[in-house]
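Listed in TrEMBL:
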DOMAIN    C:7-81  domain 'Glycine transporter'
DOMAIN    C:93-165  domain 'Glycine transporter'
TRANSMEM  C:6-24  transmembrane segment
TRANSMEM  C:31-48  transmembrane segment
TRANSMEM  C:60-80  transmembrane segment
TRANSMEM  C:92-113  transmembrane segment
TRANSMEM  C:119-138  transmembrane segment
TRANSMEM  C:150-168  transmembrane segment
TRANSMEM  C:174-193  transmembrane segment
Amino acid sequence: MEPIVDIIDILGTIAFAISGVITATKKRMDLFGILIVATVTSVGGGTLRDLLIGKSPVTWLLNTTFVYTILVSTVVGVIFRKQLHYVRKSLFLFDTIGIALYTITGVQMGLLIDLNPVICVALGTITACFGGVIRDILCNEIPVIFRKEIYASACILGGVVYIGLIHLGVTAGLTAVMAGITVVVVRTLAVVYELQLPSIYTQAEREQNN
Amino acid sequence: MEPIVDIIDILGTIAFAISGVITATKKRMDLFGILIVATVTSVGGGTLRDLLIGKSPVTWLLNTTFVYTILVSTVVGVIFRKQLHYVRKSLFLFDTIGIALYTITGVQMGLLIDLNPVICVALGTITACFGGVIRDILCNEIPVIFRKEIYASACILGGVVYIGLIHLGVTAGLTAVMAGITVVVVRTLAVVYELQLPSIYTQAEREQNN
Amino acid sequence: MEPIVDIIDILGTIAFAISGVITATKKRMDLFGILIVATVTSVGGGTLRDLLIGKSPVTWLLNTTFVYTILVSTVVGVIFRKQLHYVRKSLFLFDTIGIALYTITGVQMGLLIDLNPVICVALGTITACFGGVIRDILCNEIPVIFRKEIYASACILGGVVYIGLIHLGVTAGLTAVMAGITVVVVRTLAVVYELQLPSIYTQAEREQNN
């Protein structure tokens, strides 16, 4: 693994862990609970992917860098939890880079074991998104990405770009960069312009919900 | 796999996916959330079974028929979600055939790796029921089959019939048919006559709950 | 496995199953729901550990003693559910012995496949604590150990003692006994003196929550 990828991977882990700390402290969890939620947010997506494809032991058991990064992020996140909104933009950047990288890793691992391209895109999306899904379930919430995030769509598009470029014969390195940029750009545009998936509900249905 | 089984399998997948769409739209999820809930309802039980017995990659990663069937069912289900109650009886039929088939598949996979018959019945029940359990957890509900469905009991009985007939030397084909019929008949009778498991709670306990 | 360990293992399984029955009956689940919740409370932590390290089929599929013990415990627990608070102290004892044993088993299995000591402690804690986490998720609650139990800290300390003594060259048997005693003593002291993890929340934050 290239040093630059290592650094991005760690930034992603930090961003996910901090998002776990934010959700867990809102629920007034104790330190242990916060640590667990930070951990599943960071490693949950990759763990689910590893289980589905049969990679064992799962990745984070084999590399303590993840555990230590999460531990430090959690402690720092808890101490500075009131200041976290000052670094909201940096966190958004890390988080977006994190899901881009996780998407690519997931797609690549699917291709390595010769899975169908559609399944590979699903694996990339699971890797990027299911840490957050498990986080929300542990916090007794309906997963936020099921309701208002364009997040998952950015990962799906990134995965499709990856598969497409590889099929066109583009090198793996350039493909990864282009797919990553796709995720980052789509997600950033979505947040800047407040894009959401088109609502399937009529006005009447939405009011009924309120 | 016989073509007839293929068709039943696809009907089961459709019924489960539609039940996911119904639950997810009640929670006003967006398209992505609905798709994920439809997917876990369809493939969740089989995935959990595959993980428990160590079959990897899990089944749905190896056959895109499931993914495409779920995708189409979700889109059709969303478009016609207001008309779904007109086809309620057909859906009930598909769903019942689906759990019958899933129960048999689960029992068979347990027998194939020489697990104890009791464990095989448990695997069949998990295959048929846990898609719905994960669906309800993702929707932040206590799983409906833990509270008022005879659903699981039909699967357990079907599994017991399967194990019993195989032990008596009946052929695998006939055994599967008889076990499947058991699930369908028990479930249908239960719904027609509104059977429930006998309540273990006293009147006082039930009132306390209200 | 030594007969004495077998007995402790069964006592632990009983205690976990009963804790599942207590939680599930509070939610007015039916018999099937109670049985499932009792089962996941008993075997959930070990199952998650087995999945993470790639041990398959998972342990409880290979030994029906667990299933029968849980079945009997559930039936007895449901019948005598109003009398359960008379045996609360015995249950606490079983439960504490159970988590001690589960912690040790988890740490040992990590060491067997040469995982990093920190990861082994995590595996021990997961084995002991995640049955209860899954129980609470199935019952639609935020896991209780994320909010007010020192439970997990006892397992972490027990795991650290185990790793420490093994590194000092102490025999496996004595190490297991010392680690087990650590878990039991820390947990008992914590309950007797009502110890909690230090709160990270200010008075203002706590009030905001109420």
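Note: Cβ is positioned from N, Cα and C throughout, glycine not excepted.
Cβ atoms under 8 Å from those of the transmembrane segment (C:6-24) belong to residues 33-34, 37-43, 65-66, 69-70, 73-74, 77-78, 81, 84, 91, 94-95, 97-99, 101-102, 131-132, 135-136, 139, 141 of the same chain, restricted to positions at least 6 beyond its ends.
With a cut-off of 8 Å on Cβ pairs spaced 6 or more residues apart, the transmembrane segment (C:119-138) and the transmembrane segment (C:31-48) reach 3 or more such pairs and are scored as touching. Helix first, then strand, then coil: DSSP counts for the domain 'Glycine transporter' (C:7-81) stand at 62 helix, 0 strand, 13 coil. Outside the transmembrane segment (C:150-168) by six or more residues, the chain places 99-100, 103-104, 106-108, 111, 117, 120-122, 124-125, 128-129, 132, 174-176, 178-180, 182-183, 186-187, 190-191, 195-197 with a CB less than 8 A from a CB of the stretch. Residues 10, 13-14, 17-18, 20-22, 25, 31, 34-35, 38-39, 42-43, 46-47 of the same chain, all 6+ positions outside the transmembrane segment (C:60-80), place their C-beta atoms under 8 angstroms from a C-beta of that stretch.
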